[in-house]
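Trainee: Here's a structure for you.
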Amino acid sequence: MLSAMEGVLLSVSTSEAVLGIVGNTFIALVNCMDYNRNKKLSNIGFILTGLAISRICLVWILITEAYIKIFYPQLLSPVNIIELISYLWIIICQLNVWFATNLSIFYFLKIANFSHYIFVWLKRRINLVFFFLIGCLLISWLFSFPVVVKMVKDNKMLYINTSWQIHMKKSELIINYVFTNGGVLLFFMIMLFVCFLLIISLWRHRRQMESYELGFRDLNTEVHVRTIKVLLSFIILFILHFMGITINVICLLIPESNLLFMFGLTTAFIYPCCHSLILILANSRLKQCSVMILQLLKCCENGKELRDT
């Protein structure tokens with residue numbers, strides 16, 4: 001039986017999950033409709049669609065596992081279920097961060113202004129950068145999957161009496177954690193580096209504009225600032241998400257820790273919920289479609305009130 005606080009946190013996390021699914025479904029649908037109309041999907045459309053779909057899958061995995069742990073913990077006992085959840089988690093989590101990294105690099109190459117020959121070369125070969133990141137993703141999976149297979153097959157991960165039993169040394173656990181999350185950490189570091197370069201580009205651009213003493217509105221500066229805000233929001237939200245996941249992993253080792261587990265779950269869901277809304281507001285096409293839908297809903301509501309009167 002859940003306590004009052006546990007019930008509140010479960011309700012909040014479920015609401016966040018629903019908002020995250022709705023927001024990311026909206027992003028995916030808008031881009032799919034654009035593809036159906038134009039018979040072509042742009043790079044940014046492909047990245048946003050992939051990011052939205054991966055986040056929908058991520059939310060479903062988290063909320064399903066949470067409800068099973070809270071209400072039907074015996075379902076996590078079979079080794080096959082543990083193995084399936086581990087594989088799905090590695091694929092979806094790394095795909096999610098991979099798409100987000102692609103998005104940050106795409107913005108960086110389109111907006112930043114550097115004269116260095118490496119930047120100019122990369123800017124002309126965006127597709128090559130994407131293929132390189134695909135290679136990094138595949139290599140990350142190649143390192144992660146064998147570690148999970150070994151842990152499961154050697155019975156080093158078992159779910160007994162509503163808690164995980166992990167039979168390995170602390171040093172071995174740290175090494176396995178690094179291997180299974182190496183791809184996530186790599187892509188996250190790339191994103192931090194890209195955001196740092198964008199800030200440098202903005203600083204150089206503003207210094208250049210101040211030297212000219214121009215009084216008109218600088219659109220390039222506004223684009224820089226808006227993009228940096230989107231990237232910084234992702235970094236902050238992803239750190240919160242990672243902290244929530246870490247809390248959940250710790251709670252899986254501790255029996256009767258539902259309150260802390262649901263606090264971690266609520267923290268983890270902030271990222272897929274809030275960042276999808278930020279992307280909708282930052283993208284002119286998505287923002288336009290969302291405004292149209294809200295206006296349509298308002299018109300339907302007004303029409304219903306007129307019929308009732």
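Cβ atoms here come from the backbone N, Cα and C positions, even for glycine.
Per TrEMBL, the features are:
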TRANSMEM  12-32  transmembrane segment
TRANSMEM  44-64  transmembrane segment
TRANSMEM  84-109  transmembrane segment
TRANSMEM  129-149  transmembrane segment
TRANSMEM  174-203  transmembrane segment
TRANSMEM  230-255  transmembrane segment
TRANSMEM  261-282  transmembrane segment
Trainee: Do the transmembrane segment (174-203) and the transmembrane segment (84-109) come close, with at least three CB pairs under 8 A (pairs 6 or more apart in sequence)?
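Mentor: Since 3 or more Cβ pairs under 8 Å link them, the transmembrane segment (174-203) and the transmembrane segment (84-109) do come into contact.
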Trainee: Can you work out which residues elsewhere in the same chain, 6+ from the ends of the transmembrane segment (230-255), have a Cβ less than 8 Å from its Cβ atoms?
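Mentor: Same-chain contacts beyond the ends: 66, 69, 97, 100, 104, 107, 161-164, 166, 188, 191-192, 194-195, 198, 261, 263-272, 274-275, 278-279, 282.
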